[in-house]
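Undergrad: So Swiss-Prot has the following annotated:
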type	residues	note
BINDING	Gly616, Pro617, Asn618, Met619, Gly620, Gly621, Lys622, Ser623	ATP binding site
Amino acid sequence: MISEENFQQHTPMMQQYLKLKAENPDTLLFYRMGDFYELFYDDAKKAAALLDISLTKRGQSAGQPIPMAGMPYHAVEGYLAKLVQLGESVAICEQIGDPATSKGPVERQIVRIVTPGTVSDEALLPERQDNLIAAVYQEKEKFGLATLDMTSGRFQLCEPADKETLRAELQRIVPVELLYCEEFNEMAAIEHCKGLRRRPIWEFELSTAITLLNRQFGTKDLRAFGVEKSPLGLSAAGCLLQYAKETQRTALPHIQSISLIQNQDCIQLDAATRRNLELTQNLSGGTENTLASVLDKCVTPMGSRLLKRWIHQPIRDVEKLKQRQQAIAEILNFDLVDELQPYLQLVGDMERILARVALRSARPRDLTRLRTALEQIPALRTIVQQKTPPFLTALFSQIADFSEQCDLLQRALIETPPLLIRDGGVIAEGYNTELDEWRMLSDGATQYLENLEKRERESTGIDTLKIGFNAVHGYYIQISQGQAHKAPIHYVRRQTLKNAERYIIPELKEYEDKVLKSKGAALALEKQLYDELFDLLLPHLGALQLASLALSELDVLVNLAERADTLNYVMPTFCDEVSVKIENGRHPVVEQVLKDPFIANPVELNHNRHLLIITGPNMGGKSTYMRQTALITLLAYIGSFVPADSARIGPIDRIFTRIGASDDLASGRSTFMVEMTEMANILHQATEQSLVLIDEIGRGTSTYDGLSLAWACAEWLAKKIRSLTLFATHYFELTALPEQLEGIVNIHLDALEHNNSIAFMHAVQDGAASKSYGLAVAALAGVPQSVIKLAKQKLTQLEKNSSHSADQQIQALREANHNQGELLFEQETDALREAIEKLDPDDLSPKQALAYLYQLKKMVG
């Protein structure tokens, strides 16, 4: 902090810097000085370390040199990209005054603040991933969450019912910045997020949020968007919009609506499920061997991003899913993949280009890419109209006629413009008469100078005379030192060099003034015309955004058709019964990485067969089998075809996985604690329509504790919840459950032992596995034979000395289960029956009856 006394000791320019920095204490300040952006004090030290640039000094503060670092203005994008990737925010301060007319320091102001969540520059963005900023608000135990994609204008909100749902939503959207209220008290739910930004409570004020949103959308109320009954979500949305305006320092016309995400409209996936199924990120944090890596061959970046949103948010609207299936079938039936994809590829990232147009930050090549995109629409429309597939025809009805806008860009811009408008050469010849005249004047300089040079050589007799130009002295006549004595008297010396003299004559000076004026006028007019292009395009922004969304969807559907054809996928069917029936299903990722043919397997889950106990050896394929069931179900619910011979799937509300676990050292949780936390979430949240995958529950504790927990969890899922469950276990005792409870079935993945080797068959068969094959797998892993031999001896000894035979252990569990079952499932009913039998309604007053009703409610939990 600079004291007032030290502040006054600084130069006016540094005082200006310090005032601007005080307004933006938490961001790096890029301060424009001529052709450089400079940073000072701690900003300079931080930037030098992060960007590997030189740290120098300038002037003094309190007797100490001021640290300084900087970079050329024309190279700033590369430095910004690196800082944004590191999670930093940067305030860009530009010179807006004219140095020639300024008294004191040139006027400067911050024109934008670049943050990880609000960037729109192409160089700063991951091409095939959404770049979202979010805000979260809390009131008691309820939450509001809003998300904004600055690169498309997509603005959404939801109200997670609890912190687990909030955590799952954040895992789905993966925001690069998350704004949270200073009074937020569930930090454990958000601490894993990047770019946490603490904001004051008043930014979440509901009435302010509603006013801001109505002003943004030009509406009187928010009923048209269906969000008026979501106050917590609106509070978060208001803070988010305010932050976006604060950082962009300009209008945001591409943000034209807001929508409400309803949890009941989508299949819910918690954070553990997204991680375990490796949808878009593998367990190592990379993108290889994920569902998206197999499924995403979209030819446009915006299509790729839309597909990933579909994967992370499968929908439950069967009619909409059937429309997607119909579209994929149409594309395949009419052989449209090869016809449509070349044109779609040229559409490119129209969505993000339009965002930059809205922010008036689009560069010349953005506009030429938009022109190219618009040029593809008639060809795409013609292909669809010729084949007349119903769904695709309806999709194209959302795309307006943009022939006028396309013609405008064709007339206005040259074929391949420079990167920036700064130096001109962007507007095409013939677009503006005045610009052509100024250009003709400046471009005619070459011929004029050649004629003047020839004339002066002849009149002076100096054959080495030549005319040149530099930025400092302008035009000049140059004569070598050996012939300088021949220079006419009207030649005025302008510069002396070691081997030559440079002169100026009135005629050349007059022409110089005219040329420089024409170049300046041409550049100023060109910049004006370029800005006017935005004015001409912005009235059509909404229609252009609808078109880009439709083209994104078309790209995804064509991609899914290509994947279905290439990978031999089939169209699944939907039914009303809560069930999953898959014939010869395959894991979509594993089958692509295996060198050997993938062994396809069936699965059938329904009312009479709702929990499968899966046994078999490690490496036998149990986890793959369970994951492929979940992935095939998920693919069906995004509208995709699936890797199977056939699939018939009923209503699913959630998918849960409890597969694998590791220590969460950062939170101080053991493997067993992580496992139990995930299991508790399933037992609390799962319903009869949930698909539940559980792999090896109870491994992280003693054998009897683990077996007891596994048995109790399986029984609870089968008897209380009745969800569709795949339950893999090494506890052979659990295979006795089908004899006691309806709806439980044993299946296993088999293996063959020969001599000391083992062969995994990877085929699912009915019944329980005959043995665990643990020692054979250990030998396969390379455990020394002497250790294997010792293990066999110990195994024989343990089996011989066991206090109970396997049958006796199972019988003991059955008896315990019977007694415990009474305690868990019947005791509640008996106590309730007894309480009701004791009740005499005629003896109760209304107040006593109400109190008794509350007591009965408490008894049932």
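Note: Cβ is positioned from N, Cα and C throughout, glycine not excepted.
Keep in mind the model is a prediction, meaning the values are calculated, not measured.
Walk me through where these features lie, including what they touch and how far apart they are.
TA: Packing around Gly616 (ATP binding site) is summarised by its Cβ count: 28 other Cβ atoms lie within 10 angstroms of its Cβ, all protein chains included. Look at Gly616 (ATP binding site): DSSP puts it in coil.
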Undergrad: Other residues with Cβ within 8 Å of the Cβ centroid of Gly616, Pro617, Asn618, Met619, Gly620, Gly621, Lys622, Ser623 at the ATP site?
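TA: Once Gly616, Pro617, Asn618, Met619, Gly620, Gly621, Lys622, Ser623 are set aside, the remaining close residues are Leu749, Phe760.
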Undergrad: For Ser623 (ATP binding site), which DSSP three-state class applies?
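TA: For Ser623 (ATP binding site) - judged by DSSP and reduced to three states - the answer is helix.
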Undergrad: Far apart in sequence but close in space: which same-chain residues, 6 or more away, have a Cβ under 8 Å from Ser623 (ATP binding site)?
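TA: Residues satisfying the criterion: Ile659, Gly660, Asp695, Ala728.
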Undergrad: Test of understanding: give the count of other CB atoms lying within 10 angstroms of the CB of Gly621 (ATP binding site).
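TA: So the number of other Cβ atoms within 10 Å of Gly621 (ATP binding site) is 25.
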Undergrad: When a 10 Å sphere is centred on the Cβ of Asn618 (ATP binding site), how many other Cβ atoms does it contain?
TA: 19
